[in-house]
Amino acid sequence: MSRTMIKNDLKQTDFTEAGEPFRLFAEWLRDAEQSEPNDPNATALATVDPEGMPNVRMVLLKGFDEQGFVFYTNFESAKGQEILSSMKAAMCFHWKSLRRQVRVRGPVEKVTDEEANAYYASRPRGSRIGAWASKQSRPLEGRFALEKAVAEYTAKYAVGEIPRPDYWSGFRIKPVSIEFWHDRPFRLHDRILFERESGGLWTKTRLYP
């Protein structure tokens, strides 16, 4: 039996023994890191614009704990502006190799400057230059304009540290609900919904597929 087949043989006790969602998410993410061909931390991030039109795109999860799920972006981008307008978002992880999915919904907060600085400093130098060079989501007259901006900022920051732009930071989704989904034959899937109560405790409900 292959490793993927073993991982897919998820038993009901795997859900019922989980008293809270974060440990279960950590286990599933570790499994994905072993089975997904690339970017196991990729997630579809959903936002809404001021007119109520939804928007979705892939981002990379850069951290999580009981406080929430963290990703980084340009605050002047479309997603940055939409989040700043509503301060709400949702994300969906789908690991095809494991036939598993996790949905997260909740209000959003900015990460601290200390968190943003630490993560920004850990990025490759080229990515830090890119944060300055790219006017994310705005019209680009041609690839040459982007390459020119990269060259200019590369020269500007040729020596020393590259500071983090004020407009580049991170968001944390503070989940009010986290749903775990596992594929079953004949579409009789397992779905477990965790919902956070006002006191911070989690309730757990099994849902029809």
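The backbone N, Cα and C atoms fix where each Cβ goes, glycine too.
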FMN site partner of ARG57, MET58, VAL59, LEU60, LEU61, LYS62, TYR72, THR73, LYS79, GLN101, GLN136, SER137, TRP181 (as recorded in Swiss-Prot), chosen from ARG125, ARG172, ARG191: ARG191
Position of peak Cβ density within 10 Å, selected from the binding-site residues LYS62, LYS79, ARG123, ARG187, HIS189: LYS79
Inter-residue Cα distance where the pair is SER127 (substrate binding site) and ARG57 (FMN binding site), in Å: 19
Cα-to-Cα gap, TRP181 (FMN binding site) vs ARG187 (substrate binding site), nearest whole Å: 11
Cα-Cα distance maximum in Å, computed over every pair in LYS62, TYR119, ARG123, SER127, ARG187, LEU188, HIS189 that the record assigns to substrate: 43
